[in-house]
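As recorded in TrEMBL:
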type     : residues  : note
DOMAIN   : A:788-896 : domain 'ABC3 transporter permease C-terminal'
REGION   : A:63-90   : region 'Disordered'
TRANSMEM : A:336-359 : transmembrane segment
TRANSMEM : A:379-402 : transmembrane segment
TRANSMEM : A:408-434 : transmembrane segment
TRANSMEM : A:461-479 : transmembrane segment
TRANSMEM : A:499-521 : transmembrane segment
TRANSMEM : A:554-575 : transmembrane segment
TRANSMEM : A:785-810 : transmembrane segment
TRANSMEM : A:831-859 : transmembrane segment
TRANSMEM : A:879-901 : transmembrane segment
Amino acid sequence: MKRWLTRRWPALHWPSIRGRGRTDAGPLLLTAAVIAAVALLAGAAPALLRAAADDAVQDTVRRAGQDSNVSAHADWERDDGPTGGRVRAPRLAGNVDDFRARATYALGPDLDAALLPPVAVVNGPILSITDGTAPRTFQFTYLAGDLGGPAVTWIAGNAPGPTVTGEYVETPYGGPPWPVQVGLSEADATALQLAPGDRIPLSDGRGRDMDVRVSGIYRPADTADPAWRLALSLLRPVPGADGVGTTRFGGLLSRESLPDARLAVDQDQLRRTVHFAPEPDALTWDTAGALASRVVKLKATSGSSADRDESLKWESQLDTALRDARTRISAVLTQAAVLLTGVLTATVLVLLLAAELLVRRRTPALSAARQRGAALPDLGAELLIESAVVSLSAAAVGLALARAAAPGISWIGAVPVVLAGAVAGPAFGTLAAARASRDRRQPANPAARRWIRATGRLRRAAVEAAVLIPAVAAFGALHQRGLLPVASDGDTGELSGDLVLPISALALGALVGALVLLRLLPLGARFALRQALRSRRPLAVFGAARAATTAGRALPLLVLVSTMALASFALILGATVTRGLADGAWSTVGADARLDVGADAEAATPALADRIAAAPGVRQVVVAQVTDSARVFTESTPLTPRLVVVDADAFQRLLATTPLPNAPALARLTAPGPGPGDVPALVRSSDGVLGTGTRLQLTRDDAPAIRLTAVGTAPSVGGADDVVIVDAAALADAGLPAVPNTVWVTGPGAARAVSNSGVAADVVLRADVLRAQRATPLTTGLLRLAWTAAAVLLALGLLGLTLAAAAGASERWQTLTRLRTLGLRPRDARWVAAGELLPPVVVAAVCGPLLGVLLARLMLGPLDLRLLTGQAADPGVVLPWWLLGLVSVALLAAAATVVPVESALRRRDRLSEVLRAGE
Amino acid sequence: MSGEPLLRVRGVHRRFRTGPTVVHALRGVSFDVAAGSMVALVGRSGSGKTTLLNIIGGLDRPDAGTVHVDGTDVTALDEDGLSRLRREKVSYVFQSFGLIPVLSAAENVAAPLRLARVAPAERERRVELLLELIGLADHARQRPTELSGGQQQRVAIARALAASPQLLLADEPTGQLDAETGLSVMALLRGIAEAEGVTVVVSTHDAVMMALADRVIRIHDGHLDEQSAGQPSAPVPDVR
């Protein structure tokens, strides 16, 4: 029985362990540096992305604004009195306070902690202002937070007071309108030309006059108070709130006038709602799922709006916003996981190459130890101790640095790297030592030699199948299920196990590509050798012979091709996202700059456009009336698309001269109408409801609706999914002249021109939008990771080239030395060396980026990059050829440096020493 | 066999420094080898055989002393001169064959002829002749991995002789072969040396190999055995 089988522990020879470590300190330190660097990246990246995910959740909720509010409303208890009239409820404001407290309690502690203090809003119906010709509407509103309503200063008159002071008042149904006092903002009062004591000329939906009087005019203490956002008309007139061309005004109720407001309108027309705005800083990626579930549960268990009771009816888009954010974050996390898997795979390959180099250097010593009687388990244990110490300590350093950079690091990513670093060296070393004690002679029997070759081929085929089969499965899974986790309420948002395969698709694809090239390279090298043998140039023959000899070496080509392919993929990913963001900014703004003109200045828009057009550096100016949530009907369905009334020819020219998608269908808007009286329109809808031929009706308050007929597909305007575009002249002919409120401006001077417009307008600059989109946490995080991954992969590729050259140097210079014994001149030896080194490098430099392009074309679709760029569809693959060329040039330049450096180093070696070492 | 020495070695010293230790591999070695003769260089491992062969072939330089091959002072040549010497006058056979694995036997044999820029027709004729001579004409298209160890060493010998050198240095050419194959290779070497008129210096520690040599030079701790330096060996058995 072998001695080592009877021992419990291997017999370690510590001086050998220390000696080997000292002798090969360079390669060991290199291995440690690679492990530390990649452990740093693999450890820090998930933590940084997790932090970015928290920021993204908060950012999403901030951007969603009022849409992310959680609101509850409930009907009032009926105010029928005992004598058949309606009873005034003097403590109605207290009732609202109770309602707010009830809603707050219903939220539950977790959701309550994530929301700001509530604001109760009591709204009256939309009333019509009956004087003047312009369609104007009015709504009175009561606001009440925990500390009362938003603070105001009464600059004229007083706060609204009660109409009556008695405790009990009952008013008959059908009686005269009940008087109610309201306050007006300065802006509203000025626009309506009203003063305290004036009666506002109002009528309700049934045409009955209302008795609403102005008690005073106020100035908000803080216009940024979140409560005002719930009723903007209390600050200033709001154009378009109740339809195209309308303007809404607001009247502020007080605790005292609220009971009168109830009696002033019909029983169910006063609506009370409690709004909870989210507190973005309290939201995290971890809590977002549970909060979204809580909101869904509230909505699911809330009473029906048809129920005439005081039960809470919940409404919110917060769950949708959080779900969208989590979807985007999941997409980015999987995109990052794809990149990191690629980096880890390349690192493992480089570590295997480093281990091969180490073992080649150690083979003589290991062989000698084996021949002296050292047992293989003992040698393996010695090597394992050394590699484990190196790998674990390097990983610890890397993870410690990662922890300093990003608390909450993930160590899982470092595991494959540490394993490769710890196991590869001992495995290769033990095999080398085992070979030393085997009969190395070539069998004289041809059948035995054939058997050896067949065994080798079978082994290789098994390895290739082990890569190919999972790769096919990974790409199948990637295209069938995509990369997003299957969302479910209450999911943790973590990357689940079923994503492992599709996430590995990139790395496996790169490996398969490299394996294919590994099959082809020897064929190419042999072809080149056959050609060289026909030539009279000996250097070509020997260079090609060396190339053919080493073309089958797997690790160098795998490392070079896969790192180049993966680096190229990372660059393409980064470039595609960058271009997608730029396109998204074009889509959002619609030009280099956009002016959203305020209601007060709408009349001045055409003159403003002329002024901007005359400014230096302005190429095009297009004005339009853009109305969000316009009231449009199909035969049976009300729709709220974005209505764009624009000069179709000018708009088409604008689209044709910008990166925005061209829309030739716009020409149909100025063609003769599809039917008598019909206005041609282009339509676009996310749900496919609208299509060519659809007939629509654009409603107006005081006139018959205008008939529209869809004659084509509209381009997306401002990123809206539901759009109706009509030509301004055609609509004016139909009786609705446009009131432009939007100015699109292109040209290098656009930003300056719109900034100095001198009218009340919101300026939206494409550059600002792009900057903001680039600054979003997820975008920043993924782009940084993509560029970092590309740099790391390129560095790994260059390191792989150096290691491959070093690993093969001994054998190469043995051969070159033998050729020199045949008369090869020293200066010619470097050309033969170049002939050996260059083919895999050239293959990697050319085919690596091409493989990266192929992988990008196969993978970027399922990566759902639109979730990152904010576009309606996934961005097209962008190939940054100059960057890809730079990657290739870097590799070729490194190879061109390695050959002369190696040649210069080896020239110092005596031929006799080289030959002796090779014996 | 000519009486003029093809190889003249005079007072060659060679020291190697390994850390603080200095090893005297050769200590004033001097001997002559007549043209066309086959000399066996014999000694234990580490006795200095390979060092002496390397210095003779210009693969290493002595610390002192001279080596003349066909009147050319090898120790005075620069790298280009040494390359020319190896292309034209001196060739080697190594223990580990040193064949290029992707080239066929014939292409391996032709390698020195390519370096010497011999015309293709002449090259092919010479390769054919040599393969015939070593008995591997039928294996001309086979690659080294398809040949046995003995066959590979025969190809290595043919390659060494391809450029018609005057001096062939063989460093333990049978070290990786079994005894029977080794003996046949040595016999081949001997036969070809006679046929081609090549002077052969072969290092070995195999007594049977020594028997094939015209002369045996024993080397011990860097010194030549005084008695062996000028003595012919025992009669050569006919193993061909």
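Numbers here mean position along the shown chain, with the first residue as 1.
Each Cβ is built from the backbone N, Cα and C atoms, and glycine gets one as well.
Curation plays no part in TrEMBL annotations; they are all automatic predictions.
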Stretch with greatest number of CB pairs under 8 Å, the transmembrane segment (A:379-402) reference, A:408-434, A:461-479, A:554-575 candidates: A:408-434
Surrounding residues of the transmembrane segment (A:461-479) on its own chain - C-beta under 8 Å, 6+ positions past either end: 498, 501-502, 504-505, 508-509, 511-512, 515, 858-859, 862
Contact call for the transmembrane segment (A:499-521) against the transmembrane segment (A:831-859), three or more Cβ pairs under 8 Å: yes
Positions whose Cβ lies under 8 angstroms from the transmembrane segment (A:554-575), at least six residues beyond its ends: 335, 339, 342-343, 345-346, 349-350, 352-353, 356, 506-507, 510-511, 513-515, 517-518, 521, 783, 786-787, 789-790, 793-794, 796-797, 800-801, 803-804, 807-808, 840-841, 843-845, 847-849, 851-853, 855-856, 859-860, 863, 865, 877-880, 883-884, 887-888, 891
Residue distribution over DSSP helix, strand and coil in the region 'Disordered' (A:63-90): 6 helix, 9 strand, 13 coil
Contacting positions for the transmembrane segment (A:336-359) when only residues 6+ beyond its ends and CB under 8 Å are counted: 24, 27-28, 30-31, 34-35, 38, 41-42, 45-46, 49, 366, 387, 413, 416-417, 420-421, 424-425, 427-429, 432, 483, 495, 499, 503-507, 510-511, 555-556, 558-559, 562-563, 566, 569-570, 573, 781-782, 785-786, 789, 792-793, 796-797, 799-800, 803-804, 806-807, 859, 863
The domain 'ABC3 transporter permease C-terminal' (A:788-896) - residue tally per DSSP class, helix then strand then coil: 88 helix, 0 strand, 21 coil
Mean of pLDDT values spanning the domain 'ABC3 transporter permease C-terminal' (A:788-896): 89
